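Q: Structure below; questions to follow.
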Amino acid sequence: MGDLTIPTMDDIDIQSKKVLLRIDINSPVDENGKIIDDSRIKAHIGTIKELINKGNSVVLISHQGRPGDKDFTSLEEHAKLISKYLDREVIFVDDVIGPYAREMIKKLENNGILLLDNIRLISEELIEAPPQQHVKSFLVKKLAPLFDIYINDAFATAHRSQPSIVGFPLALPSAAGRVMEREVSALAKIFNAEDTPKIFTLGGGKVHDTIRIIENLVRKRIADRILTGGLVAELFSVAKGMNLNPKNMEILEKLGILSLIPRARKLLLSGAPIEIPVDYKVEINGNVIEEPASKVTGIIKDIGSTTAEIYSSFIKDAKVVVLRGPMGVIEDERFKSGSKSVLKASLEGQGYVIIGGGHMISALDEDMKIDSSKVHISTGGGALLLFLSGERLPALEALSMSVVNSGD
């Protein structure tokens, strides 16, 4: 990403234009289709407002779930929420590329906002292919001629190579929206050689994903220290030869984590700057106690208080801190303290903090203040994972190829 030049909304003329804005408002819904977390919807309000304030007519496109899944729903409820947060009418169109949708787009006046229905109603949108193929898709061929500009504000889908993400930049002058721009500039700090030391705090249960991240960080010598928690810490503890007792080993085996031991051991033997807990908070017959990592008898549920202190001391001196995944079973109040400690140290330190994913946010206490000038909460789950794993992000590649005609 570091060598890609991504055009932003500052690089193109966006005054009184017809704008196609790709957002990601894919939200968790309950069994009745009611949205239970609208944070992704709120995230895009600033970009939409800016476009409307410049006299543009804006057509929004997004997906919701996948065909066959329970969360594959219409975007009608999403339109109501966007309207609520903008405090203005948002026209919902129960169509995507049909005659009705195209007619409504043509009729949309300046300062008007229209949301097309779930873009994954179009089967092409589920196909992963290069931009050169997707620019020829029905979706792009039907919609692109109706617009002056395409803006991609959907960082959470940046790892997808689908028509709505990579097709339009080859057909229209295109740029990153403000959410996308913030994500890209925040993540660029990870590769800035001057911002050291860089501390990566990696926990949670997605161990197969996390070991890919660690291998990339070590290969590119990006991380000065990697602090492990959650099941990631247990993997590296076992790889180092620690006996975590049969019960914990059984859990790791069931989750397929023991198969990763050779890769973890190889990283440790290479001298990678990986820190593992010196103590754990464990549960024994419903009781919570702390035990040294070398003498674990209970079921591991969190990092211990000594480990939390050690990790916090590393974090406070860092220039960049990346937090991905909790240190323990964060859903249980008894095992939140490890995550709270590293989060508190990050927020109180002098460095720039990137928080990936919502789990760590749930560890925030009311007295923990987030300074938006030095803290970035990423919206991109899969996209962030691929980026940290060293993969290219198709959305950014496509934007870098865009036919930008600034001022035309």
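Even glycines carry a Cβ here, placed using N, Cα and C.
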Q: From the candidates ARG88, ARG160, ARG178, give the one listed by Swiss-Prot for the same substrate site as ASP24, ILE25, ASN26, ARG40, HIS63, GLN64, GLY65, ARG66, ARG120.
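A: According to Swiss-Prot, the candidate sharing the substrate site with ASP24, ILE25, ASN26, ARG40, HIS63, GLN64, GLY65, ARG66, ARG120 is ARG160.
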Q: Is ASP24 (substrate binding site) helix, strand or coil when read with DSSP?
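A: Where ASP24 (substrate binding site) sits, the three-state DSSP reduction gives coil.
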Q: What is the separation, in Å, between the Cα atoms of ASN26 (substrate binding site) and GLU331 (ATP binding site)?
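A: One finds 23 Å between the Cα atoms of these residues.
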Q: When you rank ASP24, HIS63, GLY65, ARG120 by Cα distance to MET360 (ATP binding site), which of the binding-site residues ends up on top as the closest?
A: ASP24
Q: Look up GLY65 (substrate binding site) in the DSSP assignment and reduce it to helix, strand or coil.
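A: Its secondary structure by DSSP: coil.
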Q: Which residue, of the binding-site residues HIS63, ARG120, has its CB surrounded by the fewest other CB atoms within 10 A?
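A: Comparing Cβ neighbours within 10 Å for the binding-site residues HIS63, ARG120, ARG120 has the fewest.
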